[in-house]
């Protein structure tokens, strides 16, 4: 379909380049469309040719690679990130707001004071941010020029609640070691950080001395290391970091695929075992399921993916029902969530034993751990007052409180940490942001009264992200 649209667009208006007479009409149309993509425009002719070869030697494949990357993590669109105790919101114009816990300066305002309302990071004015990543006491932002800004704990391998370094950065600071890499996405996992270049190459920082990612570094290492192994010559469109492991969504001529590397506890790497992998390894189960993954999510102990056909797969530790299969069993390979068989899903988000799924229609389903009311089902206590209003949910349930808003939800973000009470954001198509869950540090961005520590029902945050 995207090639047909590209061809039609190519004939409707003049191309902004000199056509290559050796290219077919569809190749010319695909190249014309590539020229309009933000990360493709600044590339040199040599860089474009290198990307073409890496994608399989076709502009059609380059276009598919670019579109896949834009779709799977809302590149250059508004977004909200529910971090461990603090939150980041990015408007469609690239302005950044932060709120919540600030003990390490992770809000970027030059102080270590908490913020209970969204506050714009003033030092970033004039810089357009297109993607954000958060970790415990740390924030990373990616600009449209491919530059990376970081603040909070000054470590790429910070362990939650363990102080590895004493230096705090309280305003966004350019990451010097990444200045020569055009970065489009960052992901922060426990013990390590990963970044993705516009050419689809993955780089990692830290992890320690046991070569968990194929290289040996100090926890405070500040230099990026290319992820070695199977993905050295395969372009990646999305990365997702969980507790000591990394998922990579790769774009190959034969289709989309998922590779995993790191800690295999609970089967979260998806290879049918619970062993660690020092180098990226293809998750073969997707081929057996005849499922083309288009987006992946790495929770603390479990993972999920959405297929092009709208099916959702989950795998890993199944505690509290976070896999959505009606039980708490572990799954060491991706398994389709049958309860969503009548739903065409487009987005999935995972946290610490919690999963959210967004449908094509904007409906939201959640399942897993009900602690801190972050599932969005806990607005009404049982009539007798004796029940557990924060009950775990073993299978997908429609979040009716979001359905009643009559707003189409386009993104869900939830806390991905084993040490913090979780909170959840729901972003609508119109740019409205709703929050639920724990709010004891101001991370919801809404006022709490009468000793409240959170919200069971999603409530509107006073910020417009459109």
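Glycine too: its Cβ is placed from the backbone N, Cα and C atoms.
Across the domain 'RCC1-like' (78-413), the model assigns an average pLDDT of 89. If you look up TrEMBL, you'll see 78-413 marked as domain 'RCC1-like'.
Per TrEMBL, the feature repeat 'RCC1' maps to 94-145 (among others).
Annotated repeat 'RCC1' per TrEMBL: 146-199 (among others), in sequence order.
TrEMBL lists 200-252 (among others) with the feature repeat 'RCC1'.
Residues or ranges marked as repeat 'RCC1' by TrEMBL: 256-309 (among others).
TrEMBL lists 310-361 (among others) with the feature repeat 'RCC1'.
Residues annotated as repeat 'RCC1' in TrEMBL: 362-430 (among others).
Using DSSP to sort the residues of the repeat 'RCC1' (431-466) gives these counts of helix, strand and coil: 0 helix, 18 strand, 18 coil. What TrEMBL records for 431-466 (among others) is repeat 'RCC1'.
Sequence-remote contacts of a segment are chain residues at least 6 beyond its ends whose Cβ falls under 8 Å from one of its Cβ atoms, and for the repeat 'RCC1' (431-466) they are 78-80, 82-83, 85-87, 89-92, 97, 99-101, 114-118, 372-374, 376, 378-379, 389, 399, 401-402, 405, 407, 414-415, 420-425. Note on the repeat 'RCC1' (310-361): DSSP counts are 6 helix, 23 strand, 23 coil. Secondary structure counts, DSSP: the repeat 'RCC1' (94-145) has 3 helix, 24 strand, 25 coil.
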